[in-house]
Amino acid sequence: MGDFNLALIIVAIVVCVIVFIFNVYLLVNYQHPDDKNQAYFPKFVVVFGLSVAVISILMLPADVANRQACRHAIYNGACSLTLPMKDLWIAVYIIDAVLVFFIIPFAMFYYEGDQDKTVGKRIKSALMWVITTAIVCALLLGILYGLVGKVDFTVRHLSSTTTNFPTSWSFSTSQPCVGNNARQCSAYLANAASEKTWTMQTTFPEYVVALATIAGSVLFSIFGGVGIACLPLGLIFSFIRRPKAVITRSQYIKEATELGKKARDLKKAADSLHQEERGGAKGRKWRKNVKAVEKELHQLEEDVKLLEEMYPQGEKAETTWALTILGYLAKLVLGVLGLIVSVAWIVHIIIYLLIDPPLSPLLNEVFIKLDDVWGLLGTAAFAFFCFYLLLAVVAGAMMLGLRLVFITIHPMKWGATLMNSFLFNVGLILLCSISVIQFCATAFGYYAQATAAQEIFGHTLQSLRGIKYLYKYNVFQIAFIVLAGLTFVYYTAFGWKRKKPSGRFQLSS
C-alpha cells in the first residue's frame with residue numbers, strides 16, 4: 001500500500017512538471033510578435049495562472065485516487081504517504097483567489113499603462129488600483145466572516161441507555177434501542193424534536209474559497225450554460241457555413257479592396273482614440289468607441305481569414321484548399337462528439353442533481369465500471385468531463401463577449417495574442433475553475449465520495465450561512481440548464497446562417 005501511495009506522489013510531481021512545460025509552449029506559440037523578448041512579468045503570471053487552473057482541475061481525479069489508496073488499509077499508518085488533499089485544496093484556491101483579484105489585475109494595469117510613462121509611474125499607477133481593491137476586499141471579507149462566517153449543520157440528537165453485553169440480540173423495527181422505553185437511538189424513528197442545528201465557525205481560508213466559488217458560480221452558470229451548447233454547435237455550424245468553392249480572381253480583388261478601405265477607417269479611428277487617451281478624455285463615449293473599434297477589428301480579421309480560405313494563393317494552392325476542407329471535416333467530427341458529451345452532461349444534471357431523489361447515478365456508474373475495467377480509465381474519463389466543462393466556459397465567454405457591449409473582447413489567436421488578452425482569459429479560467437471543481441464534485445458526488453473535495457465543496461460550502469440556500473434550491477444548476485436550452489434554440493434557429501457584412505465603420509459623435 002505504501003508503494004502505491006508513493007507512486008501517486010511521484011505521478012503528481014511529474015504531471016505538475018508536464019503541465020508547466022505545456023503552458024510555456026502555449027505562451028510561446030500564442031503570444032503576439034510585439035510581446036517577444038519583453039513583458040516578462042505578465043508572461044510569468046500567465047504560465048503560473050494556467051498551471052494553477054489545470055492542476056486544480058486534475059486535483060479532483062487525484063483526490064479520488066488518493067482516497068482509493070486507503071480503501072484497503074487496515075490501520076492508519078498504512079496511509080501515511082497519501083497526499084494531504086485538504087491542505088492542498090485550500091492552498092491552491094487561496095493562490096487562485098490572490099491571482100484573480102490582485103496579481104492579474106496588477107499585471108493588466110501595468111501592461112496596459114501608457115507606454116510613454118516611465119516604468120516607475122506605471123508600477124505606481126497599477127499598485128494604486130490593486131491596493132485600493134485589496135483594502136475593499138479585506139474589509140468586505142472581514143465583515144462578512146465576522147457576521148456570517150459560520151456553518152449550520154442539521155443533525156439529530158440520538159441517545160440510548162446501557163446494559164450488560166447480552167448473549168442474544170432482540171432488536172427489531174419496533175424495538176431498535178437498548179431498554180424498553182428508549183426510542184431515540186434510531187434516526188428513522190426519532191421524533192422531530194431530536195433534530196438540532198449544530199453551528200460552528202468555519203476557517204477563514206475555507207470562507208475565502210466559498211466566496212470565490214460563489215463569484216465563479218455566477219460566471220460559470222452564464223458562460224458554462226451558453227458554452228455547453230455553443231461549443232459543439234459552433235463547430236458543426238462552422239462546417240455548414242464553410243466555403244463551398246474557390247472564388248475567382250476578380251471577386252477576390254473586389255472583396256480585398258473593400259476590406260482595405262475598412263482597415264484604413266479603423267486605423268484612423270484607433271489613432272484618434274489614442275490621441276484622446278493622451279489628452280485625458282477617457283469618458284463614457286471614449287470607452288464606447290473603443291469597444292466599437294475592438295468589435296469591428298475582430299470582424300475584419302474574421303473576414304480576412306474567410307477571404308484567404310476562399311482564394312488560396314501560391315504554388316500549393318490546391319493543397320491549401322484540400323487542408324481547409326479537411327479542417328472543416330475535423331470540426332464536424334469534433335462537433336458531433338462534443339454534442340454527445342454536452343447532451344450527456346445536461347441529462348446527467350437533470351437526472352442526478354435536479355430530481356430528488358436522483359433517478360440514477362448515470363455517469364457516476366459509468367466511471368465506476370470503467371475503473372473496474374482498468375484502474376485509471378474511470379479517472380481519465382472523469383478528468384475529461386471536468387476539462388470539457390472548463391472548455392465550455394471559455395467558449396461561452398468568447399461567444400457572449402462578441403455580443404454584449406459590457407464585456408471586453410479578448411480573443412485568443414495563434415501567434416497573435418497580446419498579453420492583456422492572455423491575462424484576461426487566464427483570470428476568467430482561474431475564477432471559473434473553482435466553480436467547475438465544485439460543480440463536478442457535486443455532479444459526481446457518488447463517484448467522488450469521501451474525498452477532501454467533498455468535505456470542502458460539499459459539506460462546508462453547502463452549509464455555510466447565507467450561501468447554503470443557493471445550493472439547497474439548485475439555483476446555479478437551474479440557471480445552467482435554462483441557458484443551455486436557450487442557446488440550443490438560438491443556434492438551431494440562427495446558427496446556420498452566415499454573418500452579413502457589417503458595412504462601413506463609424507464612431508459615435
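Any Cβ shown, glycine's included, is placed from N, Cα and C.
Annotated features, as they stand in TrEMBL:
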type	residues	note
TRANSMEM	6-28	transmembrane segment
TRANSMEM	40-60	transmembrane segment
TRANSMEM	90-111	transmembrane segment
TRANSMEM	123-148	transmembrane segment
TRANSMEM	207-240	transmembrane segment
COILED	256-317	coiled coil
TRANSMEM	332-355	transmembrane segment
TRANSMEM	375-402	transmembrane segment
TRANSMEM	422-447	transmembrane segment
TRANSMEM	475-494	transmembrane segment
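For the transmembrane segment (332-355), the most Cβ-contacting stretch among 40-60, 207-240, 375-402 is 207-240 (pairs under 8 Å). When the stretches 6-28, 90-111, 207-240, 375-402, 475-494 are ranked by Cβ pairs under 8 Å to the transmembrane segment (40-60), first place goes to 90-111.
By the Cβ criterion (under 8 Å, sequence separation of 6 or more), the transmembrane segment (475-494) is not in contact with the transmembrane segment (6-28), since fewer than 3 such pairs are found. For the transmembrane segment (90-111), the residues of the chain that approach it from at least six positions outside its boundaries are 39, 41-42, 45, 48-49, 52-53, 55-56, 59, 122-123, 125-127, 129-130, 133-134, 137, 205-206, 208-209, 212, 419-420, 423-424, 426-427, 430-431, 433-434, 456, judged by C-beta separation under 8 angstroms. If you look at the transmembrane segment (6-28), the same-chain residues 6 or more away from its ends with a CB under 8 A from one of its CBs are 43, 46-47, 50-51, 54-55, 58, 62, 65-66, 69, 81-83, 422.
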